[in-house]
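Q: Here's the feature list from Swiss-Prot:
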BINDING   ASP67, ASP106, GLU138  Mg(2+) binding site
BINDING   ASP67, SER68, ASP106, LYS136  3-methyl-2-oxobutanoate binding site
ACT_SITE  GLU204  active site, proton acceptor
Amino acid sequence: MSEQNVNVYGADPSTSSIQSIQRTKIRTKHLQKMKAEGHKWAMLTAYDYSTARVFDEAGIPVLLVGDSAANVVYGYDTTVPVSADELLPLVRGVVRGAGHALVVADLPFGSYEPGPTAALAVATRFMKEGGAHAVKLEGGQRVAEQIACLTAAGIPVMAHIGFTPQSVNSLGGFRVQGRGGDAEQTVADAVAVAEAGAFSVVMEMVPTELATQITGKLTIPTIGIGAGLNCDAQVLVWQDMAGLSSGKVARFVKQYADIAGELRRAAMQYAEEVASAVFPAEEHCF
């Protein structure tokens with residue numbers, strides 16, 4: 001299949017059948033091309049084969065196996081406790097379900113901070129054992145050496161600046177970053193990760209005006225989460241996007257469904273039909 005003739009931007013609005021769309025395996029070069037052409041794109045998290053397959057069929061070009069699995073899969077309060085051993089099986093499942101999407105794996109807290117050697121060791125595990133197509137790590141200037149080391153080794157890196165959840169304790173909670181005098185440092189972080197070789201950068205909880213400035217300054221795609229409309233792409237945790245998360249969601253989240261309500265209703269109906277001997281019916285039996 002010729003890559004010149006494929007749709008790499010997701011679902012084609014002119015057709016009702018996603019299956020009919022000519023698609024190719026998304027590479028980092030496609031994301032760069034989309035930025036150059038002014039095409040915005042969406043990224044979602046995924047943590048298992050089944051949801052990865054659904055999102056891939058929906059035309060989502062990039063799936064992130066985020067360390068947010070700490071919260072939505074393992075039930076931790078923050079992303080800090082989750083380990084590489086806990087994330088690797090999730091990456092394997094997502095890779096199997098994503099026939100076209102680029103799969104990015106988050107490097108967990110503590111696995112890359114010691115330096116380039118440690119970063120290369122853990123990133124290699126996610127590429128070899130997990131099958132990830134790229135990795136993501138948090139931080140700006142302070143992790144530029146790690147990013148340069150990984151890219152030199154042939155490992156694509158997605159950076160993450162602004163609010164970095166792994167640093168929630170040192171940042172004093174969930175707070176917008178880059179306001180006032182901190183804006184200069186946020187810009188410096190963005191430039192540093194780009195110069196180190198990152199193929200894209202997530203900007204989380206950054207003021208819209210600053211995110212717009214950075215997006216115009218960088219040649220690599222910017223991915224916003226609470227960073228306004230002018231980023232090249234957007235990302236959300238899928239449970240937040242689909243209404244499965246418990247408790248209050250962040251201001252930057254838009255819920256597109258009520259999956260929790262649908263699952264609850266389905267489970268209740270199933271339990272009631274079993275209790276009342278309605279299920280299984282004759283058509284479900286041999």
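Each Cβ is built from the backbone N, Cα and C atoms, and glycine gets one as well.
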Q: Compute the C-alpha separation of LYS136 (3-methyl-2-oxobutanoate binding site) from ASP67 (Mg(2+) binding site), stating it in Å without decimals.
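A: Cα-Cα distance, LYS136 (3-methyl-2-oxobutanoate binding site) to ASP67 (Mg(2+) binding site): 10 Å.
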Q: Between the Cα atoms of ASP67 (Mg(2+) binding site) and GLU204 (active site, proton acceptor), find the distance and write it as a whole number of Å.
A: 14
Q: Just name the most isolated of the binding-site residues ASP67, GLU138, going by other Cβ atoms within 10 Å of its Cβ.
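A: Lowest Cβ count within 10 Å among the binding-site residues (ASP67, GLU138) is GLU138.
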Q: Starting from the Cβ of SER68 (3-methyl-2-oxobutanoate binding site), draw a 10 Å sphere and report how many other Cβ atoms land inside it.
A: 21
Q: Mind checking which of ASP106, GLU204 has the fewest other CB atoms within 10 A of its CB? They're the recorded positions.
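A: GLU204, out of the recorded positions ASP106, GLU204, has the fewest neighbouring Cβ atoms within 10 Å.
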Q: Give the distance between the Cα atoms of the residue listed as 'active site, proton acceptor' and ASP106 (Mg(2+) binding site), rounded to the nearest whole Å.
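A: Rounded to the nearest whole number, the Cα-Cα distance is 15 Å.
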Q: Can you give me the Cα-Cα distance between SER68 (3-methyl-2-oxobutanoate binding site) and ASP106 (Mg(2+) binding site) in Å, rounded to a whole number?
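A: Rounded to the nearest whole number, the Cα-Cα distance is 9 Å.
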Q: Mind computing the max CA-CA distance among ASP67, SER68, ASP106, LYS136, which the record assigns to 3-methyl-2-oxobutanoate binding, rounded to whole Å?
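A: Pairwise Cα check on ASP67, SER68, ASP106, LYS136 gives a maximum of 12 Å.
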Q: Around the 3-methyl-2-oxobutanoate site recorded as ASP67, SER68, ASP106, LYS136, what other same-chain residues have a C-beta within 8 angstroms of the site's C-beta center?
A: THR45, LEU64, VAL65, GLY66, ALA69, THR79, LEU87, ALA105, LEU107, PRO108
